[in-house]
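**Student:** Feature table excerpt (TrEMBL):
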| type | residues | note |
| --- | --- | --- |
| DOMAIN | 265-357 | domain 'Transglutaminase-like' |
| ACT_SITE | Cys273 | active site |
| ACT_SITE | His331 | active site |
| ACT_SITE | Asp354 | active site |
| BINDING | Asn394, Asp396, Glu443, Glu448 | Ca(2+) binding site |
Amino acid sequence: FTDLTPTHISWQPSVNAANHHTNRYANTELTVRRGQAFNITLYFNRPRQNGDSLGFVTEIGPSPSESHRTRAAFNLSEGGGSGWSAAQGPSDSGSMNFTITSPANAVIGRYNLTLRVTSGNKIFSRYLGQFVLLFNPWCPGDDVYMSNENERQEYVLNENGIIFVGNARYIEARGWYYGQFQDLLNICLTMLDLSLYYRQDPAMDVSRRGDPKYVGRVISSMINGNDNDNGVLLGKWQGSFHSHENPSRWDGSVVILKKWRQDNYRPVQYGQCWVFAGVMCTVLRCLGIPTRLVSNFNSAHDVDRNLSIDKYYDSSGRSLNISKDSTWDYHVWNESWFIRPDLGRSYSGWQVLDATPQEQSRGIFQCGPASVLAIKEGEVDLDYDTLFVYSEVNADCNRWIVYNDGTKKRVYCDTEIIGRSISTKAVGSNGRVDVTANYKYPEGSSEERRVYKKALAKILGTSVTEGRTDSPEGRPSETMRNPGIAGKFKLAEPPVFGKDINLILVLSNLSSDRKSVRVDMSASTILYTRRAVAEILKAATSVELGPKQGKQIRVKIPYTHYGRYLTTDKRIQVTALCEVMRTHGLRLLVEKTIILEDTNIIIKIPRRVVVNKAVSLEISYANPLPEPVSRCVLLVTLMNQQVKINLARLAPRERSKIYFEFTPRRAGPLQLQVDFSCDKFSHVKGFVTIAVAPA
C-alpha cells in the first residue's frame, strides 16, 4: 500500500487567532501563544490505518537541539519530556484534526513544524510549514501571566498610548501610536537576530528566548544604536537636526520601525527618551510581554554612582555645564510585567527596562530589568541595574558655587526634589495614574531615609549614619550656613508662548536683623535635559530687607529676547543668586524652570462616530506670535496613515481652521494626532481619542 502522505494543511487561522488573542496581527502565518493548544487539519492521500503512527517535530533557531530546548519530537497522545504534546481530534476519512500544545516556558519565535510518519518499519518526515509562538499573558503557567483582563487589554492589546511630559509642576499628555499589530512582527523577530547576544552565540541566544527577563534586556540594547550599528534609533539631545528628523516630529513607532527595515537596519535619526520608550513598548507588546510607559519627573542621571547629583553655578548664579551628573525635567522608560525567579517571588511584577542610552551595563548600552519593588526597598545590588534606576528616582541633589579661584562651596542639599509625580496612563482611559509610591516611600519619611542609607551602605560597603557632605571629588567640603533669607520665583500670570514673561522674585528676611542683599539674575533657554541653549537675560540689583520683611522684585523677559532661542522643548530656566552683604559671602540660590504654554491646536469631533461612515473633524490652529508666520504645515496622523496639509501664512495672533474628513474602518478607540509647524516654530502637538461605535 502507498505511504501515508499529507497533501494539504489547514492552519485554521481564524479559530486559532481568536482563541490566542492574535487576530489583529497583520502577518498571514499562524501566530499563537505558548502554553495554550492550537488546532490544525491535515489532509492525506489515504485513510490512516492501524500500522500508521504519527508524531510531530518543532524546531527553532539555526541549530535546533533537544538539550537547548529548541527542538522537540513528540508522538500523538504522548506528553514527552519537552512539554510539547499533540492529540488527534474528531476526524473523517480524508482529513485529521490535531491539537498541538506548547509548554508555557517555550522559546518564542518562528518555528518549523514537521510531521513524522511511521508505517510498518519505515519512518519518514514531511515538512508542514512555519508558525510563530509568542509570550502568553493569559496563561497562568507563563512568566508573563497577568490575571486581570482589563490590564491585559491595556498593556498587551492597546495600540494607542499616552506619554506624560513637561515638568513636575506642569505635566502635559502627548499621544503615541504603538501599532504593534501593523505588520511589525517580522521586524521584531529580526531585531532579536541582529543583537550582539545572537552574534556572539546564536544557539545559546535562541535557547534563552523563553525568558522575558532575557528578551527584555536584549530588546533594551537593540532599540538604541550606540553599540550595535543595527540598533533602531540614534539619540541626539543638542545641536541641529537638519537633514534628519527632529525627535519631536515622531508620533508613533510604526514609521520608525518600518524606516529602520527599509534602510537595511541602519539606525533611524533621531530619538530622545520618549521615542526610545515608545518604540520599545511596541516591540515588547508585539512579542506578548505586558508593557507600559512610565514618566519620572526630575529624573537624576548619577554618573559617578554616589547617589547624589551635583550641580554647579558661577558666582553670579549662571549654571555651569561642568558636572557629568544631570537632572532631566522628565525621563520616560518602560515597565514590563513578569516574575523574577532569579531574585525570589517577592520581586515579581513590574520591572523597569530602559532603552535610552545613558550608561553602559556590562559593556553594552542596555538597562534592566530592575524590579520596581527592589528599587523601593533600596536593594541596589540586585540584577539588573537597580542602582542606576534607584538613583534616577531617589538621589539627593547638591548645589555648588564655584568661585573664580576654583574653590567650591555647597549652597544646599535637597533630599526630596528627585523623582516626583512618577506617572503612567490609566487602564482603559487617557487619565494619569501616579505610581510614585511603587518606587519609594513618602519623601521626608523615616522609611525613605532608612532605605536611602541602606542603598548608600551597599554602594560604600559600610554602614551610613548621616548624609555625606563630601565634594564630588571625594574631598570634605564646607557646606554654606543658612543665609537667613528665603526666596522663590512666582509667575505674575501663566507663561504663554509668544508673549512677554512676567515673574516676581519674592525675598523674605527670616531674622530680626536688617539685611542688604545683592541679587544676580540670569535666564537661559534650556532643553528638557536642563542643558542651557542660550543666555537671554542677565541683570543685577540690590534690595534692603527690614526685620522679618518681605519684598518683591519684578522681572520681565520679553518675547523679543527669548523667541529665537527657544527649542521645541519651549523651556526657560531662571536663577537668582542672592548674596547677603557683610556675612562673608552667605548666599541663597533660587531657581525656576518655566514651560511656555501653548493652547494652539483644538480638535472638535462629532458627538457620534460610526465605523465605515465618513466623519468630518474641525481642526483649528494658531499663530501665537506678535509677528506673521509662513510655510505653515499641518500633519494629521491616523494610526500609521499621515496626511500633510500645506496652509496659508498666518498674521500675528491669527487663528484659522480646516475641516478634515476620513472614514474609520474599525470600531473601538482611534487616536488622531495633529502636528503644526511653520518658519518660526515647529512640532506643536494636539491629539484626541475618538470612540468609534460599531455599525
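The backbone N, Cα and C atoms fix where each Cβ goes, and this holds for glycine too.
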**Student:** Pull out the active-site residues from the set Cys273, His331, Asp354 whose C-alpha sits within 10 Å of the C-alpha of Asn394 (Ca(2+) binding site).
**Tutor:** none
**Student:** These are the recorded positions: Asp354, Asp396, Glu443, Glu448. Which one scores highest on other Cβ atoms within 10 Å?
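**Tutor:** Most Cβ neighbours within 10 Å: Asp354.
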**Student:** Could you give the mean pLDDT over the domain 'Transglutaminase-like' (265-357), rounded to a whole number?
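**Tutor:** Its mean pLDDT is 94.
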**Student:** Run through the Cβ atoms and count how many others sit within 10 Å of the one on His331 (active site).
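**Tutor:** His331 (active site): 25 neighbouring Cβ atoms within 10 Å.
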**Student:** Which number gives the other C-beta atoms within 10 angstroms of the C-beta of Asn394 (Ca(2+) binding site), all protein chains shown included?
**Tutor:** 26
**Student:** Neighbour count, 10 Å Cβ-Cβ cut-off, for Cys273 (active site): what number do you get?
**Tutor:** 27
**Student:** Work through the active-site residues one by one (Cys273, His331, Asp354) and name whichever has its CA nearest to the CA of Glu448 (Ca(2+) binding site).
**Tutor:** His331
**Student:** How many of the residues that make up the domain 'Transglutaminase-like' (265-357) does DSSP mark as helix, as strand and as coil?
**Tutor:** 18 helix, 41 strand, 34 coil
**Student:** Specify the nearest of the recorded positions Cys273, Asp354, Asp396, Glu443 to His331 (active site), where nearness means the distance between Cα atoms.
**Tutor:** Cys273
**Student:** Relative to the mean position of the Cβ atoms of Asn394, Asp396, Glu443, Glu448, the recorded Ca(2+) site, which additional same-chain residues have Cβ within 8 Å?
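**Tutor:** Other same-chain residues with Cβ inside the cutoff are Ala395, Thr415, Glu416, Ile418, Gly419, Lys440, Arg449, Tyr452.
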**Student:** Spatially, and counting Cα to Cα, which of the recorded positions is closest to Cys273 (active site)? Options: Asp354, Asp396, Glu443.
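**Tutor:** Of the recorded positions Asp354, Asp396, Glu443, Asp354 has its Cα closest to that of Cys273 (active site).
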**Student:** Whole-number Å only: compute the distance from the Cα of Glu443 (Ca(2+) binding site) to the Cα of Asp354 (active site).
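**Tutor:** Glu443 (Ca(2+) binding site) to Asp354 (active site), Cα-Cα distance: 24 Å.
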**Student:** How long is the line from the C-alpha of Asp396 (Ca(2+) binding site) to the C-alpha of Asp354 (active site), rounded to the nearest angstrom?
**Tutor:** 22
